[in-house]
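Noted in Swiss-Prot for the protein shown:
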- 17-24, 81-85, 135-138: GTP binding site (BINDING)
- 8-283: domain 'tr-type G' (DOMAIN)
């Protein structure tokens with residue numbers, strides 16, 4: 001079977017945005033105009049085809065990235081929906097891995113929001129070429145040119161409008177296409193799909209010429225031949241302009257800007273044309289790199305001919321077909337009924353049915369080709385971030401890094417009968433979401449779930465009830481504290497037991513030093529002349545690592561410590577790995593007590609947007625929560641306060657903020673860094689932990 005859509009006509013794109021910029025509506029309209037969904041789903045009435053999990057319908061926020069295939073001008077567009085809420089940045093990160101290009105949607109009123117900055121940073125990290133769609137041009141306070149300024153100043157990017165709006169707010173009629181120099185006008189609101197091409201209104205001609213000149217200059221900079229033409233005063237043809245925009249977009253030196261209002265169906269078809277014209281095909285972006293089993297690096301080119309290599313980027317439980325694993329094929333082809341090798345787990349997987357998802361319908365297919373995205377039914381051992389490969393070349397594609405959770409709660413089922421069901425439910429949810437962890441508290445035997453924020457865990461508990469029919473009681477949220485040391489110390493420890501028969505003997509000298517925040521643990525072997533034999537060194541490191549699990553102040557994990565083993569002694573008969581492990585572990589604990597151990601707490605970056613009259617209350621409240629105010633700005637007539645606040649003080653913040661501001665303020669919060677806890681708070685934490 002040969003492929004229906006040539007590789008150069010495939011587009012893998014994501015729609016990325018802040019929570020209320022209208023991302024789902026934009027995705028919906030794309031599906032509508034590409035002829036996939038006939039009735040337009042509205043987020044307001046909870047029927048959007050992209051948002052296919054029930055809670056999303058209720059909360060009106062998009063949680064899981066569903067990959068949906070649609071067609072426009074003979075191009076296959078695989079649309080990967082990314083969530084905009086900060087607790088789900090892991091989802092965004094995961095979808096950025098498999099995208100070739102992105103459409104960043106901004107609200108014409110709200111502009112660049114804190115969440116947009118996070119998503120933008122992730123897109124930069126994975127070098128994803130993108131364009132901007134300024135949405136909600138019909139809203140009161142809409143201003144396309146303000147958003148352009150904010151993208152320059154806040155995101156430090158180079159936005160180049162290739163359209164400008166005709167009017168704004170209720171007067172928003174359409175857009176001026178600066179490439180063709182024509183006005184595209186939506187005249188009849190009852191027929192949203194039809195627009196007319198007209199001459200540019202006289203009062204906007206000067207502005208259009210000014211912005212076209214800026215665009216041409218940006219285009220000329222992408223190519224020497226175009227630059228010569230430009231400086232020679234020659235006109236660039238439409239083809240040359242388009243070629244230049246694409247080159248700038250792929251090199252990420254310019255970001256084409258378009259506008260419209262997805263809700264009112266204005267500006268969506270030109271956006272689709274731009275996706276096809278300017279965003280890259282799989283073979284136009286840098287090839288993904290992988291490593292072989294011997295550690296050597298290989299480049300995995302996008303081609304149908306090589307051996308199969310693909311990345312599992314998302315796992316979902318589907319009520320009808322069971323577990324779905326979403327796979328992006330980078331090289332070769334994946335056929336249903338064949339076998340693939342999971343190179344991360346070292347296991348062979350049988351490929352069952354292959355599905356292509358159309359927002360909420362599934363189409364069964366026989367083959368997935370390079371550059372395509374689909375879902376595999378029935379994989380047993382494959383998790384998010386695993387590589388699937390052919391039999392010959394066991395390549396591992398770039399691994400994904402997932403952050404450690406910062407918040408935990410204890411959960412128990414309402415009825416004892418649900419205990420086993422809850423275990424299965426949590427295990428399945430943890431398979432789908434690597435930033436969610438499940439563990440058991442050794443002392444109390446309680447099940448502990450951990451994640452990236454309160455909303456994250458609320459949704460997990462909610463999904464247990466909806467999808468697995470398990471009702472759970474949730475305990476008080478617990479903060480993931482850490483411990484570290486402040487000064488360097490040297491510590492000797494001798495572990496010796498002689499009581500008839502064979503004894504135990506291990507003797508170590510350790511140097512403990514604090515490291516920069518975020519460095520983790522480092523172990524250095526500095527033994528000279530074999531005073532501690534080589535075979536016992538790993539046991540010393542292991543002993544230190546075990547001691548790190550539970551700190552000396554309150555039993556929290558210890559981090560950012562360097563341990564050097566610099567001296568010691570051993571006994572020909574009585575020394576053993578066990579003895580050295582115990583000596584190191586106890587030596588580490590004694591040393592840590594002298595090294596000024598302190599407790600660290602997760603600090604959240606909090607941004608509150610509030611009407612001016614509540615500004616004083618908001619700041620006063622953040623100060624009460626031990627917040628450090630960073631900056632105060634203005635956006636769309638509101639005040640913006642940015643602060644770092646300890647997570648421990650932020651539980652229930654949304655309710656308090658609502659009552660302080662009569663529901664008129666909004667906030668976003670994401671983990672930023674760990675910081676030392678003040679002494680009085682530290683004493684309380686220790687007292688609570690040690691009873």
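Just so it is clear, glycine is given a Cβ too, placed from its N, Cα and C backbone atoms.
Location within the structure of each feature annotated in Swiss-Prot.
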residue: 17; record: GTP binding site; DSSP class: strand
residue: 23; record: GTP binding site; DSSP class: helix
residue: 82; record: GTP binding site; DSSP class: coil
residue: 137; record: GTP binding site; DSSP class: coil
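In the predicted model, residues of the domain 'tr-type G' (8-283) average a pLDDT of 83. Within 10 Å of the C-beta of residue 137 (GTP binding site) we count 28 further C-beta atoms, all protein chains included. Highest Cβ count within 10 Å among the binding-site residues 17, 82: 17.
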